[in-house]
């Protein structure tokens, strides 16, 4: 903030570690981000020519829809009705597939194994944070 408390704040935050979603760097995700921004601009919802990638939660939504499509396809192929949500859901569990940002793994309980980054202040003087470790679930 530029006041007399900056040094104290930097010192306090130097002990803070933050767990965050792993940032995707795959070219497919970069292309996905560009296409999403273009689509939103075409319909007048968004004007952000200087923005970076789209929100990472959009990536999760994309992969959830992809997982649903895969499960629905398998359920229909096995003769189940498209209205049988229990059967469709069971085809989502215990599977791995390639999502927009990389490999997605769903465990036997239907929970996604997440990928995370640990961020820490690496330069106390500048107050800058960087990724110091990654966890691939």
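Including glycine, each Cβ sits where the backbone N, Cα and C put it.
Residues or ranges marked as domain 'Receptor ligand binding region' in TrEMBL: 8-122. Over the domain 'Receptor ligand binding region' (8-122) the predicted model carries a mean pLDDT of 87.
Across the domain 'Receptor ligand binding region' (8-122), DSSP helix (H, G, I), strand (E, B) and coil residues number 50 helix, 24 strand, 41 coil.
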